[in-house]
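Going by TrEMBL, these are the annotated features:
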type	residues	note
DOMAIN	19-109	domain 'MRM3-like substrate binding'
DOMAIN	128-265	domain 'tRNA/rRNA methyltransferase SpoU type'
Amino acid sequence: MAPVYFKNVPSEIITSNQNPKVKFLNKLCLKSSFRKEQGLFIVEGKREVKRAVKSGYQLEAIFYCPEVGHSKDLELQSELKIDAEKIIYISQSIFENLAYREFFDGVIALFKSQTRKLEDLKLSKNPLIIVVETVEKPGNLGAIFRTADAAKVDAIIVCDPKTDLYNPNVIRASVGCLFSVPFATGSGEEVFDWIKGKKINLYGAALSAEEVYSSRDYTGPTAIVVGSEADGLSEFWLKNSTQIKIPMQGIADSLNVSVSTAVIIFEAVRQRRLSKNNG
């Protein structure tokens, strides 16, 4: 067996897929309904685990594979102040069955999920918000969180979610930025009323728009609304937002929703930076 880097390693390491803890973890990986029922979710990878802990998520357990571990894992245990009793040791074959990333580092953690409401969001005086309506693909939602973190937006609001925010692939695609970006969920009507109540300008990304996204002024309080991959924005948001579009130069009629979000958000960031520098 390879060297073991966490402290106080027990003599027994879980090697059976029939072990109740392994079966429980596997069910959390696969079933959104079970994650919601248990109020738990999993995070794979040391970087993502550190980001979750530092963002205030409650760590329930660490599943650690000594055979693919690294000497720096001891630093992780010390840095995050992980109690020895929270560390569960599993074999490489078990870890490979549980892992959902192509390249893994021997760490899967179990966390308690958090419920986020609109009224819990704390905005800056001049907020920049992303509103995501019914995006279905976890990878796209995760990529939007990564963009939001990079642009330092105030929050992401997910309307009528069709994807579990704690889906392992959302976390993977976000590289743990799901934990650093404030978020909330709600129905379209709830979100619209909340945004309007705060006098935030609404811009909806839509193929039917006449105005190019770069022609609008995003230096004031701004919310950018993006829709599902297949259908775009619903009629509700088309009616209740100023429609903007990203003009296409080739044969494609649109960009991936996460790419569209990044293009528009960083235009807003650019305008705000210029406004600040010129002010």
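Yeah, the Cβs are placed from backbone N, Cα and C, and that goes for glycine too.
Here the domain 'tRNA/rRNA methyltransferase SpoU type' (128-265) is broken down by DSSP into helix, strand and coil counts: 47 helix, 32 strand, 59 coil. On the 0 to 100 pLDDT scale, the domain 'MRM3-like substrate binding' (19-109) averages 87 in this prediction.
Helix first, then strand, then coil: DSSP counts for the domain 'MRM3-like substrate binding' (19-109) stand at 47 helix, 18 strand, 26 coil.
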